[in-house]
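S.K.: A single structure is presented below for examination.
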Amino acid sequence: MQVTFLGTGGAVPTTRRNTSALMVRREGERLLFDCGEGTQRQMMRFGTGFSISHVFLSHLHGDHVLGLPGLCQTLDFNDREEALAIHTPPGTKSAVENLVGVTGARPGYPIRVHEVQPGGVALREDEYEVRAFETDHRTRSVGYALVEDDRKGRFDRERAEELGVPAGPLFSKLHEGNPVELDDGTVVDPEQVVGEPRPGRRIVYTGDTRPTAATAEAASDADLLIHEASFAEDRSERAGKTGHSTARQAADLATRADAKRLALTHVSSRYAGESDRLAAEAREVFDDAFLPDDGDDIEIPYPDG
Ligand SMILES: [Zn+2]
Ligand SMILES: [Zn+2]
């Protein structure tokens, strides 16, 4: 699973940081989180590919959604046929439909807009789900947690052979969780040869928000928490007033949640050239905090390697 930071800037883009967007690639599937203006060019620059299946919007401020009409048009020029699903906070469906249809052109592929429920599941797939959680901004907003299912425990091949199970289909049967009967009538149970289920990975993206308990809960043990950090600590009052967080607040939350890594994004344009300050403030409380640049991508390994 790979996360690409397409836009790490705040409400106003700078030459170095575009407005918000994040791509997650998992087993060939592409999920886009937020879509600030110019996101499609960032996707080209950083080679993420365009075959996205789902877009998840955190809220409807321009720096998170204005890239949608252009992206949808380009997908149409690319002769896309598959449906595109757009997930958006409660009460914003018709605004998103209007935004996407603003030019009056109808794309040749279906666009389906779904309102998500905080605390609910926005998308359920075979091996993972994307959950929405409540955030606290100046408008209706949500964050998203991509949570993989537990994986099967490790299969102990040696132990299975010791028990007399012949290599082959019976191995898979046991690994799938079914008991098998051997030729001599002995029954081998899966628990004898399969270890404990292994946890999957968890990535959490907040969008714009003040620090919240719901975020800490969603980010509990997360492999990667991507938290907005609009401001440095000297502007904490302003952060609170405008529905944002400071880098240190994000780091406090990552500590509370016991997240493994913290990526700070949505950096205000006022910190152009001195954004290292934000990372330094965060690292005073949380070691594994970093401030990605546009185009950085990181691989998320399984917790047990
Ligand atoms: Zn924003
Ligand atoms: Zn906002």
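Going from the start of the chain as shown, residues are counted 1 onward.
Quick reminder: no glycine exception, Cβ is built from N, Cα and C everywhere.
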S.K.: With His59, His61, Asp208 listed by TrEMBL as binding Zn(2+) 1, identify the candidate in His114, His137 belonging to that site.
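M.R.: TrEMBL names His137 for this Zn(2+) 1 site.
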S.K.: Other residues near the Zn(2+) 1 site, CB within 8 A of the CB centroid of His59, His61, His137, Asp208?
M.R.: Ser58, Leu60, His64, Thr135, Arg138, Thr139, Ser141, Gly207, Thr209, Gly243
S.K.: Does any of His59, Asp63, His137 have a Cβ within less than 6 Å of an atom of ligand 1? These are the binding-site residues; tell me which, or none.
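M.R.: Checked binding-site residues vs ligand 1; flagged Asp63.
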S.K.: Around the Zn(2+) 2 site recorded as Asp63, His64, Asp208, His266, what other same-chain residues have a C-beta within 8 angstroms of the site's C-beta center?
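M.R.: Not counting the recorded site residues, we get Gly10, Ala11, Thr19, Ser20, Asp34, Gly36, Ser58, His59, His61, Gly207, Glu228.
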S.K.: Express the distance between the Cα positions of His266 (Zn(2+) 2 binding site) and His137 (Zn(2+) 1 binding site) as a whole number of Å.
M.R.: 13
S.K.: Out of the binding-site residues I have (His61, Asp208, His266), which ones have their Cβ sitting under 6 Å from ligand 2?
M.R.: His61, Asp208
S.K.: If you count other C-beta atoms within 10 angstroms, which of the binding-site residues Asp63, Asp208 is the most crowded?
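M.R.: By the 10 Å Cβ neighbour count, Asp208 comes out on top.
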S.K.: Could you give the mean pLDDT over the domain 'Metallo-beta-lactamase' (18-244), rounded to a whole number?
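M.R.: Mean pLDDT for the domain 'Metallo-beta-lactamase' (18-244): 96.
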